[in-house]
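Listed in Swiss-Prot for this protein:
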type	residues	note
TRANSMEM	33-53	transmembrane segment
TRANSMEM	77-98	transmembrane segment
BINDING	HIS83, HIS182	heme b b562 binding site
BINDING	HIS97, HIS196	heme b b566 binding site
TRANSMEM	113-133	transmembrane segment
TRANSMEM	178-198	transmembrane segment
BINDING	HIS201	ubiquinone binding site
TRANSMEM	226-246	transmembrane segment
TRANSMEM	288-308	transmembrane segment
TRANSMEM	320-340	transmembrane segment
TRANSMEM	347-367	transmembrane segment
Amino acid sequence: MTNIRKTHPLMKIINNSFIDLPTPSNISSWWNFGSLLGICLIIQILTGLFLAMHYTSDTLTAFSSVTHICRDVNYGWLIRYLHANGASMFFICLFLHVGRGLYYGSYLFLETWNIGVLLLFAVMATAFMGYVLPWGQMSFWGATVITNLLSAIPYIGSDLVQWIWGGFSVDKATLTRFFAFHFILPFIVAALAGVHLLFLHETGSNNPSGLSSDADKIPFHPYYTIKDILGALMLILILMMLVLFSPDLLGDPDNYTPANPLNTPPHIKPEWYFLFAYAILRSIPNKLGGVLALVLSILVLAFMPLLHTSKQRSMMFRPLSQCLFWILVADLIILTWIGGQPVEHPFIIIGQLASILYFMLILILMPLVSLFENNLMKW
């Protein structure tokens, strides 16, 4: 009798992706984040669905509907904080996943990498629109400031902004369309993640050494299923600790004040996971220049395969490149800190220096050091 797992059209896809998939025997815990991102996405879609059942996307009732969810709906507070902090966990996993890709040269899988960059943009767009929905002060002013950046586009800018707003300011039309997009985008993200996986399974996984692992593959199940379950339990533990002990740790207190177009908060800032990009945006005194730098801060990832000058794929055996990589990580942490600070001395100059260093490291220093390491190998 033939095994249904290997013959049934649907089961066959699952089998070849999660059960009999030949996997390198030496992939470390850094390879856990793909599955963790999948779990995060499922958590976000499920909690979001239940929140949408009680939420109203109207400027007059949005804020009070969120309050109603927290106070009157059974376990509404849990669903709301799982969704809010789930987004933070999502981005932590995303940053670590991208960092792993940069460190081990996974970006040389071109299709997988490019869809990954597209996924990053899609998730960032989803998170931004989700932050607008509670209609607190930071929701309203964050939406106003970020959408206004599009007015820097020459000629069509101001028309484009009004088209997105659906009027002359962020209002009911804006909130309604943001809710609609926030609902549909995660499903697009899920579809893209499927394509991401499809392309990955065309080539097989990379591994820490960056060398071919064809000679030493093991089945995904049970070895990596059990490893992924351990990762998932750790993720859920951290998420539940956040949700149950300090649910507002990563939020902004200003968002507990209903949106008021007549009163601007002293410091407008996005959620913590956008602060590094926000710091880069603010470090350039010109509006259009700032917007370009903001987009490039993420889009620069798409150029990584072109900037790869080393003869080795991974950084595992390249100590100089490792040094620069960890300087880049430290630089991103500094940018995140600066993004949350007021625009005054010394934060302005620190932000500008950190922004310059960010682009210099990726575009100039790392490719040059890789070439230098190639020459060192000849000795």
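Just so it is clear, glycine is given a Cβ too, placed from its N, Cα and C backbone atoms.
Annotated features taken from Swiss-Prot, shown on the structure.
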residue : record                   : Cβ contacts under 8 Å, 6 or more apart
HIS83   : heme b b562 binding site : GLN44, THR47, GLY48, LEU51
HIS97   : heme b b566 binding site : PHE33, GLY34, LEU37
HIS182  : heme b b562 binding site : GLY48, THR126, MET129, GLY130, LEU133
HIS196  : heme b b566 binding site : THR112, ILE115, GLY116, LEU119
HIS201  : ubiquinone binding site  : ASN16, SER17, LEU21
Tertiary contacts of the transmembrane segment (113-133) (same chain, 6+ residues out, Cβ under 8 Å): 48, 55, 57, 62, 66, 87, 90-91, 94, 98, 101, 106-107, 139-140, 142-143, 146, 174-175, 178-179, 181-182, 185-186, 188-189, 192-193, 195-196, 199, 270-271, 273-274, 298-299, 301-302, 304-305
Ranked first among 33-53, 178-198, 226-246, 320-340 for CB pairs under 8 angstroms with the transmembrane segment (77-98): 33-53
Maximum Cβ pairs under 8 Å to the transmembrane segment (226-246) - stretch from the list 33-53, 178-198, 288-308, 320-340: 33-53
Maximum Cβ pairs under 8 Å to the transmembrane segment (33-53) - stretch from the list 178-198, 288-308, 320-340: 178-198
DSSP-derived class (H/G/I helix, E/B strand, else coil) of HIS182 (heme b b562 binding site): helix
